[in-house]
Structures are given as C-alpha cells and as structure tokens.
Amino acid sequence: MMPPPFMPPPGIPPPFPPMGLPPMSQRPPAIPPMPPGILPPMLPPMGAPPPLTQIPGMVPPMMPGMLMPAVPVTAATAPGADTASSAVAGTGPPRALWSEHVAPDGRIYYYNADDKQSVWEKPSVLKSKAELLLSQCPWKEYKSDTGKPYYYNNQSKESRWTRPKDLDDLEVLVKQEAAGKQQQQLPQTLQPQPPQPQPDPPPVPPGPTPVPTGLLEPEPGGSEDCDVLEATQPLEQGFLQQLEEGPSSSGQHQPQQEEEESKPEPERSGLSWSNREKAKQAFKELLRDKAVPSNASWEQAMKMVVTDPRYSALPKLSEKKQAFNAYKAQREKEEKEEARLRAKEAKQTLQHFLEQHERMTSTTRYRRAEQTFGELEVWAVVPERDRKEVYDDVLFFLAKKEKEQAKQLRRRNIQALKSILDGMSSVNFQTTWSQAQQYLMDNPSFAQDHQLQNMDKEDALICFEEHIRALEREEEEERERARLRERRQQRKNREAFQTFLDELHETGQLHSMSTWMELYPAVSTDVRFANMLGQPGSTPLDLFKFYVEELKARFHDEKKIIKDILKDRGFCVEVNTAFEDFAHVISFDKRAAALDAGNIKLTFNSLLEKAEAREREREKEEARRMRRREAAFRSMLRQAVPALELGTAWEEVRERFVCDSAFEQITLESERIRLFREFLQVLEQTECQHLHTKGRKHGRKGKKHHHKRSHSPSGSESEEEELPPPSLRPPKRRRRNPSESGSEPSSSLDSVESGGAALGGRGSPSSHLLGADHGLRKAKKPKKKTKKRRHKSNSPESETDPEEKAGKESDEKEQEQDKDRELQQAELPNRSPGFGIKKEKTGWDTSESELSEGELERRRRTLLQQLDDHQ
C-alpha cells in the first residue's frame, strides 16, 4: 500500500526575518488535504497496484513503433560499490528505489518504494554533483512574513538580507550542468517521439546515465509505424553513440546540429514524427514561424506554409485544418493579450510623459493638453477613453506632487525666516510686525531669497508671532531670574542683619529688656542695617522685635537654670541683696554663658519681689501677733478684779498684772501705758453713752408722738415709730429749694430715713455698722476679683509660687482697704451734712425708692461721725 503522496513531510521552516537567530529546519508549506474520494493525479487508488513503471521487470504497454523512454534506475549499494544501470530490450529494468511525482498544487515530491516514505526534498542519490555541493553549503534561503528572502548560516548562526557569494557560485555550477545536459539531450529532440505522451523523467542522480536501448515490437499490419521506426533507427543509433561518448563529445555534436539547422529545408523533408501530437505541434510551430495572423483564411495560410517541409507533418487535410483552427484560436488570444500589453505600455508611456512634462500642471485643462500634445505620437497612440483616464490620473498625481512641493517649500520658507529672525539682534519682544517687515527688507539674506519673498503672508505672520512669543518667554524667564536674584539678595540682607543682632547679643548690647530707641544709635551705623532699608518684607525694627520676643520666650527656661545655679551655690536673694552680688554668683557657673542678660535681670527682679513679699508678710504677721497681744492686754484690763476706774493711774495697778502672760507679751513699757490710757478713754466714752440713754428714756415718758404712715414705695414699717433721741438727731439745716437739691434724688432721703429710724429704735449703732460693712464687702467682691485678674495679666510671670501668691493677695487686700479709706476721707468734706430730710405734714418724704450702695455707705459714715461728735 502506497503512502498518500499529498501529505507534507514533517517540519515546516519558520518564516522569520534575519534577526541573528537560527531558523528551523526548512521545509515546504503543507499541502492542503484533498477532498474525500479524490486521489492525486498520477497515483493509483488505494489498494490498487502501483504503476507498471514502478514494478520491477514490468514495462508499460506502448504503441507499435514507439521508442521506450529512458527510465531512471537508482539502486542503493554497499559502500565502495559502483552503481551500474543499463536498460536493454527484452531484459526488465532494475527496481527503482526513488520515483518523482507531482502534487495537486504543482510541487514535486519523491517516493521511496522500499521504506514507503515520501519527502519534499530531492534525495541525495538523485542529485548531481553541483546540487550536492549546493545542499552541503551552510547558507540556506528563507522568506520573511512579507515574502522578502533572507539567508541564514547554520554553522555561524548568522542571518543577512544580501545573497552570499557561495550560493551564487554554486548556482552558476548548477546552471552550467543543466546546460550541459540540455546539449546532451539535443539529438534526442531530432528523432520522432512516441505518440503517447509520457511524464518527464526525474533528474538523473550522480552516476552513469541510463540509456534507452530497447524498442517494442511493432504490431502487424502497421506499415506507417514501420516506416517511422525505420526512419528513427539511424537517429537512435546516433543518440546512443553520443551518450556513450559522454559529455565531452556533446560539444562536438553541437556544431553539427547547427549546421544541420542551417541547411535548406528541402534537406529536412525526410523528417517524420513519432506521434500525432508531435506532428500537430510541429504544424502549429510552422504557422507560428510564418507569422500567420489569427484572421487569415485557410487559403492565405497555405500560401505561406505550403513550401515548408513541416507542412507534411499531418498527412490528412482534416487534421491540418483542425490544427489550423486551434492555432487561430490560440493566436487570437495571444494577439489580444499583445494588444492589451501594447495599450498598457502606451498608457504608461503617456502617463510618464505627462507627469514629467514641464508644461503640465494640476490645473491644466484637457483641451489645452490636447492642443499642446495632439500631434505627438505618444498622445495619439492611446485611445480617447484611455487617454482621459490617464489624464485624470496624471492630474491627481500632479496635484499631490504640487501639494507636497508646496508643503516642502512652506516648511523651508518658515525655517529660513526663523533663522533670519533669530539672527537679527534688532528684533526684541516689543518689536511690531511693521517694524519687523522693514528690518527684513534691509536684511541681505531675505532680499536675495525670491522664494522667501513670495512666502505666504499668513505663514510669515505666524512665524513672526511664534518668534515674538519665544522672545517674550525668554524675557519673562529673565525677569523671573532677576526676581529670584533680588529675593536671594534680600534674604541674604536679612540673614546678615540677623547675624548682626546675634553679635550685639553676644557683646551684651542686646538683651530681652532692650528697646529700639536705646539700640538704634549702635544699629544705624552698620552697613547691614543700611542694606535692609527700602527692601520689602520684614524691616529692621520687625527683626529686632522678633529677636527680643525670642529672648523673652526663653525667660522661664533660663529662670529655672538660674534657680538651679543659686540652689547649687546655696545663695538666696533677700531684700537687701544687690544685683552685682547676684550676677557675681551666677557668673561662676558654665551654664550662665548661654543666658541672656535681660533675662538674668528679670529673674533677679522676680526673686527680689518674692523676697520683699516675704518680708511684708513677715511684718504683717508680726503686726497681727502684736494686735493679738494688745487685745489680750485690753482683755486683761477689762477683766481686772476689782474693775478699773477712770481716775486710776498705771503705776497703781501695774503690780496687779505683772504675773499675767498678757502683761509679759507686751515687752515695751510705753506700749503698756498707751494701751492702758486707751482703755480708760473707751471706758469714759461708755459711761457717757450710758448717761445719755437714761436721759432719753425719762424725757419720753409723758409724750406720745403719732407718726403717719410713710408714702414711700418701701413703706413696710409700722405706723408709729419712735424718733431718735435729740442727742442722736442730726442738726437741723435750712431747707433747700427744689432747684438746689435737684441733683440729689429724693428717694435717697427715704432710705436714709429708714436707716435713721433703724438706728434709733431697733438696735445699737454697732450692729448697723456691721450690717453695712457686710453689704459693702459683698458689693466689692467682684471688683476685687477683677482687680486680681488684671493684676495677674500684668505680671511678668504666668506662674508663681504659692507663698508668693499668698503674699500678693494680702498686699492687694491692704492696698484696696487703704484706697477705700482715702476715698471716704476725700468724699466727707464734699458731702451734704445731715440727712437732708424733707418733712411734710404727713411724715418723711420718700420720693425715690433706691439709692446706690456707695451713697448709702457715705451717709452711714456721716451719721457715725455726727454721733461721735455729739458724744
């Protein structure tokens, strides 16, 4: 069973372009599979025996008188053995190992009858010497995806597009060998061929060339075939002799063949052909050689070919006419193709002529072109219809060409104008278009360039605009660089002035307590201060303030350091401590080198204030202890048994109190005498007050005073109240006019009246004083808090010690009490004396219901003063 010859051999060469990579093994592309039920040509059906030519000892049947074609015989022999092949009539040809076949797509493949394999590549046993050398060459040809051939070297792994010289030399050898074979086979073309066409034999492998030496026996009764056989026997013998002589004798027979062809035709009249097809082909060649046209009649053709010996190739007239008609049909097709090619060539010639002619443009009319080129042969040879098509194509080509040329010219002009503008120093970012035009006309490069002068105005304006924008960008960049330089210089000036302030601080001229007015004379003489003047941003004064604020911000940290130094040194700041001693103690410590002088001074002031506060607190405590001692001494005098009298002398009673602790606590004798005298004065005042109280009681026994109810809004008292005694009443004063007393509200009188009644009828003056003092304290509490907060906000320290806070609070209380006393003393002379009571027939005048607490306090103090005066 034969393998399907239409299947491709394994392996397909990659169509990679040369990139330095070795390609895969080369193989032809796969053959498309055949439809089912269809076998490739020249192959038997599946299961059928192979052709007779492939069966050893079998010869295909031939017509009588036919010459058996040469059959290639190739046998695989052992190494060193010679391969011999000869075919003799009557002896069967040897079995062929390789046979050549044609695939459905026209490609040739080879089949091995022994191992039943088919390959695309020609076996080495069938190759000639040149083909073997070509197959052994390391360079192989491949094709890329685009179909372009490239070459790859299997040994050096190199790929290239150009064809190597080795391949060219080998192909020249192959062509020379093929030409030698054609010269060897040339005598065979002179002999008649068998009537049945046979496929061309495959290429002869290296070794002896097979020679056809046998003929088939003619059939009985075939006289014509016998004549042909007898005529071809001399030619066959000559051809065999030529093959036996080898390639060296082929060159000697070629001149003889040329001489035979150059002989007159009557000498070739004895030629005959082996089959009818060859004879018919010879008759057609005769008609072609005589250039018989396709529209010639049989009679015209006979006149042209009847004298040629090949006219008798077909013995029958019907066969001649049949061959003539076939020739006419074929010739007609050829003439049409020739006419089409001539017309195509004429159109191409006309198109090329019009495209290259200088008078042709894309705007030229067809009539104008016809008038210009109508007399030329290149124009007239093309038909009108084809000429217009060609003309339209030419116009399209010229329009495209002119457009491309215009683009190139525009690009060139723009580039030239840019170069000229770049080289003109007189053009800046403020130059106008009219000025630039004048500058361009004065420029020699622009004046000598005619194409540049014919440049489109819009393109020139666009080019100029781009140039101006580029100059503006450069100018803006230059300005930005200048601004950056200026800012950098200003920053350097500020840094230099900051360094100058650091120098002043290091020398001690600048500290946290420095002021600009004090430091200005030293600062204004420095050049770094002068460089700062006039520049935007922070001024020298701002930098000075910032510097001082930074020093002040370091106060608390430096204060802690100073306290640590004093603690380590065992030094304490007292009220009488001098700053020089304080600074002298601190200067011995290394930590004092980084301290600010102003902060040192502030710390000293703070510590000094604390010392003063402690001293004041100590004095206050001493005063409180003294007051307690004095109170104890007075209590001792008051509790003396028997009680002391007004006329008693201190020397008389001193011995009675010597052993008492209160007596011993008062160390000074003068203080004891003073306290004793004060006690006697109080005792005297008490006695006087007691006498006045008794007199008032006896004077009111027989009298009844009826008081009408008060008409004031606050009249919640009883209908009848006792008036104060005459000794406690204020002195009567002249009644004022309403105009004189308009500034004083009448409601105050009612409040004062109620206060006076309370003094006379409900209790002692001391109880009312205590109540007034209590109300006054309540009213003054918010003010004290406000003052405290204000005082805290003004203090240099945000955080103080508890002892310092207590001392400050006590100081503030004393200061507030002193201020109240001074205010009361200042208001006493300006106040209206007495109650200022307006009496009516019905009772006290209470026109106003409210008085301020301050007014009530002042009036209360006035009443107390008057009471003291009466006593």
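Please read every residue number as a count from 1 along the shown chain.
Even glycines carry a Cβ here, placed using N, Cα and C.
Feature annotation from Swiss-Prot across Lys175, Lys401, Lys552, Lys567 places SUMO2 cross-link at Lys175. Per Swiss-Prot, the phosphoserine annotation among the candidates Ser795, Ser832 falls on Ser832. On the 0 to 100 pLDDT scale, the domain 'FF 4' (490-550) averages 91 in the predicted structure. When DSSP labels each residue, the domain 'FF 4' (490-550) comes out as 44 helix, 0 strand, 17 coil, counted as helix, strand and coil in that order. A 10 Å cutoff on Cβ-Cβ distances gives Lys148 (N6-acetyllysine) a total of 12 other Cβ atoms nearby, all chains included.
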